[in-house]
Structures are given as C-alpha cells and as structure tokens.
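Below: one structure, written as structure tokens.
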Amino acid sequence: MANYFNTLNLREKLDQLGRCRFMDRSEFADGCNFLKGKKIVIVGCGAQGLNQGLNMRDSGLDIAYALRAEAIAEKRASFTRATENGFKVGTYQELIPTADLVINLTPDKQHSKVVADVMPLMKQGAAFGYSHGFNIVEQGEQIRKDITVVMTAPKCPGTEVREEYKRGFGVPTLIAVHPENDPKGEGMAIAKAWASATGGDRAGVLESSFVAEVKSDLMGEQTILCGMLQAGSIVCYDKLVADGKDPAYASKLIQYGWETITEALKQGGITLMMDRLSNSAKIRAFELAEEIKVQLNDLYLKHMDDIISGEFSSTMMADWANGDANLFKWREETGKTAFENSPKADGIKISEQEYFDNGVVMVAMVKAGVEMAFDAMVASGIYEESAYYESLHELPLIANTIARKRLYEMNVVISDTAEYGNYLFSHVATPILAEKLIPMLQKGDLGEPTPTVEIDNVYLRDINDAIRNHPVELIGQELRGYMTDMKRIAVGD
C-alpha cells in the first residue's frame, strides 16, 4: 500500500489539507436519528472504543462489540470492559455480517489487519468508520468500493469523551468522508449522526478531511500536547531539585501545575493564562516564550515537514515491523526519569495562584509551544480551526492525565502513535531546553514568585497586544464562543 497523501497532486494535497468548515448547530437538528434502528458494531474496546460506545448507547443506538475469538475465550481486558458494561459481544464472524456500520477503534498498528479480517465479512453497502485517519492516509488502505468510509474524531482522550457527555456536554469533533468511498452519498449523514451520538455536536463539529485530521493530529500530539509537556516536566523538575527545592514540592508543582495553568487556556486562551500572572511575571513569561521559540522553532518545523512528507509514518511503521523495539525502549527510559520517580507530595498544599506565580517558565513553555504548533500547521495549509483544536484546545485534557499519574498516565492514555511521536520530539527538545533555556533562568522564573520590577507602560501595552492578537487567540475566541457550556476540568490544590 502506498501513502495516500503522497499519491495526490499538489492541488489535491492543498485541497485536502484545507478542508475545514465549522458546522452550524442547525445541521444537527436530527441528532443521531440517521443511525437509529441500524446495527452498529465497534471493533476494539479500549479507551475510545468503550467510551464512544457508552455515549452512543445512551443516545439510543444499537451497539455491540466484535472482538477476536481468542480475546473472548481468554476473557481479555477488552472482553471484560465490554461485558461488564452490559454490551453484546461476539466474534467478527458472528457480528460483522449483519452490521450496517462497523467502527474500527483499535490502535493504528492493528488497522490493516482489522480491515483484512472484517472487509470480507461486511455486507454489501455497509459503512466503515474510523476515529483517526492514519490507516487511510499514511498506509493508503484500499476499502471495497461499495462501502462508505467515514470518520468521527473526538478531539480528546476517550475518558474525556465520556466525562463530558455525562456532564451533559461533549468534546469538539472533526468529521469527514473519504472521497474515494461514498457510493450512496450517505457518508456525511452517517458521520453527523455518529458525532451527535457521542455528544460532539454540543461542543462544535468541524467538517474536515481524512488528510487534514491526520496531519494536524500528528503535529499537535508530537509537539505541544505531549512532547513539550514531557520535555518541560523533566527539565523543570531537575532544575527545581538542583536549586535545593524539596523534591516532593517540586514533583507536585510540575505534576499538577500543567493542569492548573492550562485550565486557564480552556476558559480564555493564552490571554487569560497570561493574565493570571502579575505584570512583572507576565513580561518575564513573554520574554522567556520568545526565547523558547528561538530554541525550538526549527524542531517544530522539522516535525511538521516529516509529517507532511510521510517520513514520520514510515519511520514509525518500521518500528512496528521491529516489534516496537524503540517504543518499548523509550517508554522504559521515561519510567526511569527523576520526575517519574519523585516522592509523593503528601501533605503539601499549593494554592491555585501559586502554580502560576511559581511556574512562570512553565507558562512560557505553554505559550510558546501552542503558538509554534499552531503557526507550523497553518503555514503548511491546515486551516486555523483545525490547528486550534489540535494545539490549544486539547492541551488541558492531556495535562489532566499527567496530574493523575505523571508521564506514565499520559503515555498510557494517548495512542501508541502519539507516544512514539512524543518520544521523537522530547528526546531532542529535552537536551536543548536543559542546555540553553535552563541556564538562562533567573530568580522567580521557577519555584518562587517573580520579583516586582518597574513597569514600562508602553512595553506592557505592546506585550498585551501581541498576546491578544496572535491568530490562535483570534480564532480561539470565536470557537470558544460555541462552547458556552464548558465545564472546568480541575485545578491542583
């Protein structure tokens, strides 16, 4: 199979990368009615598989899970999750032939095998769904021409898909129809109904393309969403301990600091996050962010280039063929870092404001990272709406996983594809930050408040203007207007 994106001519590539339309609420007036009465079979019962299925069932749809015979016989975790939640479970042979919609929610590396196994069993004219287009775009999977191929991609981990639904809301979602597979013209109706059933229409839906989803998703998760948080956690913890801070305090400041700081992003973007700082600290955070851009922008652009060209996917798939040797090695190395093995902060109290006051360089890393990722995507032809969701919007959700069990939890919750890309980025970013940024830090940049300095009103005005007028802030203000019912995730205590 050839990389689908690389088979397109330049005009087709630009067209697919630029597919992005924010859909009006009225387009979801029928909810998920198009799928009611139809048999929906989900293949895979991991985080996305289970939680999307729970939401869809609660929305009135007929959901069952098709698992491999050995997974059922051995009562593996996927079987246990599905059965304990009261779902019908069967083998591919038992459930696929009568399914109207088969949704493949297995890990990326399993997609080709799943397609090979289920495609011969699917009835004429059925539909096949993905929540990530890697198999179609990067592997060039060819799907039977009578089958409609759609994507509904919630922009957060599976656990949050469920939690937001239970709160009566949802998470922003990208939907798409594969242009090579829409024989009956029903693809968009299927994707819209699926998105509505998971709660996505309550938070905002972008009509996108498989190409735009994949390229922007890979960029976001490799850089700001995971790679930057991992690199930042490691270097900031090491710096705090080297400066004589209590390791337990340092651990808590980092582990819960990302979550607390990025909660402000969810409610009011980079502007609100920066406004949580004193004027002296805001100026310092802005200056540090500009320095971080100088140090890391070339790395951000390299990741974007490798994603667009297919170099990243071919490198990762070579590791798949080698039994994930690099992935497992890097995962083990992460588990041995000082931050991951730092003591628990039992009894240590940190107020919400203290996370901002004592984490100025962390705020700077978030600001710089979001803006670099957003700018790199937009410069590559990805629309601002997609770039926003794949950078700023998802960041609080990923930070929340670190608050639960540090980097281990983040890397467990994200996909293997995201984890692999995270390691590629953080392995380069960590030494750059350690060798160039950390030696530049001053008193008050990390671990204690920024000293008050005299403020030049014009300089502060210009900084505020620069923060508020960055394109990620302008589009973010528009998109957050749709999400008026957003609930707070959490703040550290």
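Including glycine, each Cβ sits where the backbone N, Cα and C put it.
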Which of ASP182, ASP201, ASP217 shares the Mg(2+) 2 site with GLU390, GLU394 per Swiss-Prot? ASP217
Inter-residue Cα distance where the pair is GLU221 (Mg(2+) 1 binding site) and GLU394 (Mg(2+) 2 binding site), in Å: 9
For GLU221 (Mg(2+) 1 binding site), which of the listed recorded positions (CYS45, ARG68, LYS109, HIS132, GLY158, GLU390) have their CA atom within 10 A of its CA? GLU390
Top Cα neighbour of ALA47 (NADP(+) binding site) in the set of recorded positions HIS132, GLU390, SER415: SER415
Rounded Cα separation (Å) that holds between HIS132 (active site) and GLY158 (NADP(+) binding site): 13
Listed in sequence order, residues not in ASP217, GLU390, GLU394 with Cβ within 8 Å of the centre of the Mg(2+) 2 site Cβ atoms: LYS155, SER216, MET219, GLY220, GLU221, LEU225, TYR389, SER391, HIS393
